[in-house]
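Reviewing the structure listed below.
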Amino acid sequence: MSAQLRAAAAITPAARRVISGPAAVRRFHHYHHLPTGGIQRVEIAARGLRRSVQFPALANAYHNNAVIVRNASFTRLLPKLALKFIRVPALFGGMMLGAVGWVQYQAIKVSNSAQEFYGNIKATVADTAFSVWSSAVDIAEQTKRGWENTKNQFEIPEWLDRIMKGEGLAGEGSGSGEGGPNGGPEPPRQSRAGAATVAGASATVYGYGASDNDDRTPEEIMRDDNMMFITKKMIEIRNLLQKVGQGSTVTLPSIVVIGSQSSGKSSVLEAIVGHEFLPKGSNMITRRPIELTLVNDPEAKVDYGEFPDLGLARVTDFSLIQKTLTELNQSVPESECVTDDPIRLTIHSPNIPDLSLIDLPGYIQVAGENQPRELKRKITELCDKYIRGPNIILAISAADTDLANSTALQASRRVDPRGERTIGVITKMDLVEPEKGAAILSDRQYPLKLGYVGVISKLPPQSGLFRRDTGNLLASINRNEKNYFGSHPTEFGPDSGVSTGVMTLRKKLLQVLEQQMSSKLNETTEAIQRELEETTYQFKVQYNEQPMSAESYLAASLDDFKHQFHEFASSFGRPQLQTLLKDALDQKVLDQLAARYWNRPIEDLSPAPREPDNIIDLPKADPDSPYWHRQLDTACSGLTRLGVGRLAATVAASAIQQHVEKLLDKSSFAKHPSARKVISDAAATVLADRSYATSDGIEISLKPYKFDPDIQPNEWAQGREHVVGVLQAELEQCQAAMKALENSVGGRKKLKEVMSFVDKARKGEIIVEGDHPSGAGGFSAALLARGREAVFLRDRADILSLRIQAAKSRQCKTLTNKYYCPEVFLDAVATKLAQTAVLFLNVEMLNDFYVRFPREVEAKLHEHMHAGGGLEKFAREDPKVRRHLDLIRRKELLETVLGKIEELHRISSGTAGTLGLRGAGDLKKRIGAPSSSGRRSFF
């Protein structure tokens, strides 16, 4: 323990005693953590020194306690403290200087690296720009010289010359304006693109970029452009033929892609397209055929895809296309695994050729644990369905597997034993030795007339923090293939006799598809002509050449419905409304009479209590009887205050809605549930809009009658005559109900026995205690319930008969005896209410409905028909109309196909002269040019 700490320890007891006394004002607590050496000890000594000199009370403590402190020597303590206080700032200062020096060193190092990096980038960009500019100048000069030679050697057709001069558009260059320098016609404007654009239309498709040398001759460039154009037209014709629906007799070939799951089939398709868009996964992903149509669209700014069957257009995100394809494939149940329902996808891009491809599920050797056993057979049957002629087979095989075990080649051999329409594609060429790869491509054991093409369609995995740009997939694959195949010129060079590269595959596919389509065009044209003749004949015989479209059918149906509605409006007016409302009020009158006068319910078999005032005694009752006065006043008040306004609006709306439904049943909309619902909802909407206002107006107009009905003598006479018929109808209903009860219990005799037992019990002749579930008197509980109901109906019928006689009697002839004839009075009140209410109904609801309903129907139908193809769906709901529309559509499509074939022939005839004698002959032969006799071969 140092001297400082011992001094502090000696002072502490005295200080503690002083602080604990009454004069103590505060207590100091000191905590020392982590003694780290001299610095901490210096601070502790300083705090001990401050405690010893800070409080004056310590002086008294020294005298009172006689404590001797020997080692409290300031002469030794102060120099050490000063030395340590100087050492601490020096230590921190040294650390600060070191940190500043290190930061400065790192800053200088980063600055030098940035300058070096910037210099490298600057030099690289300058070199690249100079190289690109030099290459562009060389290409432009070479193209210019080649085009000049081509113009001297070949005669340019008129249509091509017009395009090059900017005269190809209709209406241009034919005006008589004074735009020329001398006031004459303005000379034709030259095309900005020039010959280079026309001649290089296929350059991007075949992979010739700005930095590549297009080694094709002008003749080859022209031939390739024509081939692309013809293929585009052929694919358009093929798509039209698919819409015709005659795939068995009228068809053009497509390219069917087959291969095992591990052969790299998806990678080849993505390399051809230039985007990753197919589903990925270790398990089988492709469960439905994918009919892929590639469209070369020079006007497209970005690549995009379309799903015509789903209504998805211009999907520029290919990851979304991949997700959509995955979901469509996963929609197939696991138990089914594969289906022949195709997924149609169209991809537009300026960098792809016009091709028609079909991607099929990959072949498997053994079904998985969660897959059905017949999966292998289903996949084989599905592939066999598509690889039949005239489709072109793209058989994908991996280079690291023996061709003898290639499932794709085995399948193609079954349907194409001579290999005339099969292209072999060998993937993963970089996984085998170059000599072995070249031997596979030049294979003679499994020869194909269209040959083999070796590709490296999948890029090697890239390490590092940055992922490769998938948007430029084709360029990356092309660069990778050139590096690999170029490093082995002996095996894969121009003189090796083998075909390699995705670009070569794209060109071969385009050539083969064009040749196959052209070779089938004659046969297709003849089949189309036969189909068109048959369709025209059926159209004339069945429909008398009457044109029809979905729009015309809807218009005709709507006109017919409107005509029927106008006939209904002219026959349904105020008299009909008053009759309906009076019938509804008659039922309310009967309800009031039954509640106040007629009801004699039989709840059980106990004796009936005696009634002092019976309806049977009403004709002889005192004319000033308060009971009968109160009964009539209560019934009248209940009738006028039951809500006649709402009742009238409801009755009118229900009647109109029912008539609209009847009109729909008779119209052509009866065969169209969705359109019928739209019209019915439109009627309900119009009626509901006016219901509240109409009922409110009726209640206001009927308010005086709630206090004084003010019945006139003529109204009394009409009510007396009308109520007899109402009571007679009620009596007939009671008799019909009694007849139904007789049939339900087994006859009139049985019912009379039960009724007799009930009458005796009600008179007290038979004592029945309670209503036992087992019955009484030998009758079951259900039979006794029927008996009580029959007694009630009998008593009601007797009362109705008496009241009919009373209404016809002299007593009910005048209004002064209204208390003796409540039926007549209430009927007269109901007639007055109906006459007043129908005035508002006719103006506020009926007339408004007749005006608004036709407009509402047109608006709602227009909205419904133009939502999601509703118009076409509406027309095709009628089987007869659907057959009519299908026949017309079929006829129009066949005519369009023949027109496109004729256009294709005219264009090919115009371009044949630029291809030389041999090329012209080949082109005419492929697409059916006119024969030497002047008659076209396929016409």
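Cβ atoms are placed via backbone N, Cα and C, with glycine included.
Mg(2+) is bound by Ser266, Asp359 in Swiss-Prot, and the record lists one more residue there from Thr286, Thr339, which is Thr286. Range with Swiss-Prot annotation region 'G1 motif', chosen from 211-218, 259-266, is 259-266.
Of all ranges given (116-119, 456-459, 484-487), Swiss-Prot attaches the label region 'G5 motif' to 456-459. In the disulfide annotation of Swiss-Prot, Cys821 is paired with Cys812 out of the candidates Cys734, Cys812.
Between Cys821 (disulfide bond) and Ser266 (Mg(2+) binding site), the C-alpha separation comes to 95 Å. According to DSSP, the region 'G5 motif' (456-459) comprises 0 helix, 0 strand, 4 coil. The distance from the Cα of Thr286 (Mg(2+) binding site) to the Cα of Cys812 (disulfide bond) comes to 90 Å. For the region 'G5 motif' (456-459), the list of distant contacts is 264, 267-268, 270-271, 427-430, 468, 473, 476-477, 480-481, 484, 502: same-chain residues at least six beyond its ends, Cβ to Cβ under 8 Å.
Asp359 (Mg(2+) binding site) and Cys812 (disulfide bond) have their C-alpha atoms 94 Å apart, to the nearest angstrom. DSSP assignment over the domain 'GED' (815-909) gives 84 helix, 0 strand, 11 coil. Cβ contacts within 10 Å of Cys821 (disulfide bond), excluding its own Cβ and spanning all protein chains shown: 27.
Under the DSSP three-state reduction, Cys812 (disulfide bond) is assigned to helix. Note: Cys812 (disulfide bond) has non-local neighbours Arg720, Ala806, Tyr820, Cys821, Val824, i.e. same-chain residues 6+ apart with C-beta under 8 A of its own C-beta. Within 10 Å of the Cβ of Asp359 (Mg(2+) binding site) there are 27 other Cβ atoms, across all protein chains. Non-local contacts of Ser266 (Mg(2+) binding site) by the CB criterion (under 8 A, 6+ apart in sequence, same chain) comprise Leu278, Pro279, Lys280, Thr286, Asp359.
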